[in-house]
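The following features are taken from TrEMBL:
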- Gly112, Ile131, Gly132, Asp133, Tyr134, Ile135, Leu136: S-adenosyl-L-methionine binding site (BINDING)
- 1-223: domain 'tRNA methyltransferase TRMD/TRM10-type' (DOMAIN)
Amino acid sequence: MDITILSIFPRMFQALNESLIGKAQEKKLVNIDVVDFRGFTTNKQNHVDDGTYGGGAGMLLQAQPIYDAMDYVEKEKPGKKRVILLDPAGKTFNTQMARDFAKEDQLVFICGHYEGFDERVKDLVTDEVSIGDYILTGGELPTMSMIDATLRFVPGVLGNSVSAEEESFSNGLLEYPQYSRPADFRGKKVPEVLTSGDHEKIRLWRLTQSLKKTLERRPDLLENADLTDEEQKILRKIRRNN
Ligand SMILES: C[S@@+](CC[C@H](N)C(=O)[O-])C[C@H]1O[C@@H](n2cnc3c(N)ncnc32)[C@H](O)[C@@H]1O
């Protein structure tokens, strides 16, 4: 996979050189380039922002440097691209989007700052995406979150390829509780079933816990979850006993 990030704060992306994403780059599973679109301004002061027509507080990122930076990206990396604009008004990012992005050959993220973008920048993009109903100072941290979540679905990025599929949200449910050694810590004991060695019982316990937790904390997820017959049966039992 190839990722290009358009940002006026390229140093922020040094964090992507760490941990599993850093390793994925070393293993050439992904190539990540950051393009500073300040380098594409045509004014002497290298300003990327200006006031808004119609008045109002704050500065807006202008269309010109972003259009020119995108022309450069297209020249350097021709081909079909998913171009993602970081925008609080966009569709909220989720696991399904991460899976979809992971199937693409080329992703481009455009990070905003100040009051956001000149509306005409939106003509360059395929997706407008938000990470939630709150405002950050720029699109850099949301971009890193999305890249991290997306690359988890690229084969080989996680040491254990099953784990991305077993985590919360992957099957529409929250993850079951997990424990590590010791079995008794300050009198807090690990549920007996987990030390029983009975794999079928453990599987059932985990599934039940997962359904219980989702019902308690995120019942909205259950409305859209594609539950198996077994899961529906367990869920009915949990509801009866509540
Ligand atoms: C201060 S915000 C601009 C907010 C904008 N004036 C509004 O009310 O929607 C600056 C930039 O940070 C990024 N940003 C801030 N919050 C975000 C969020 N929740 N999701 C995605 N990007 C966000 C966007 O790129 C945005 O253009």
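Keep in mind that glycine also has a Cβ here, set from the backbone N, Cα and C atoms.
Note: TrEMBL annotation is automatic and uncurated.
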>> Considering every residue in the domain 'tRNA methyltransferase TRMD/TRM10-type' (1-223), what is the mean pLDDT value?
In response: 96
>> On a simple 10 Å Cβ count over all chains shown, which one of the binding-site residues Ile131, Leu136 is most densely packed?
In response: Ile131
> Under 8 Å Cβ-Cβ from Asp133 (S-adenosyl-L-methionine binding site), six or more apart in the same chain: what's there?
Replying inline: Pro88, Thr92
> Per residue, counting other C-beta atoms within 10 angstroms of the C-beta, which of the binding-site residues Gly112, Gly132 reaches the highest number?
Replying inline: Gly112
> Taking the Cβ of Tyr134 (S-adenosyl-L-methionine binding site) as centre, how many other Cβ atoms lie within 10 Å?
Replying inline: 7
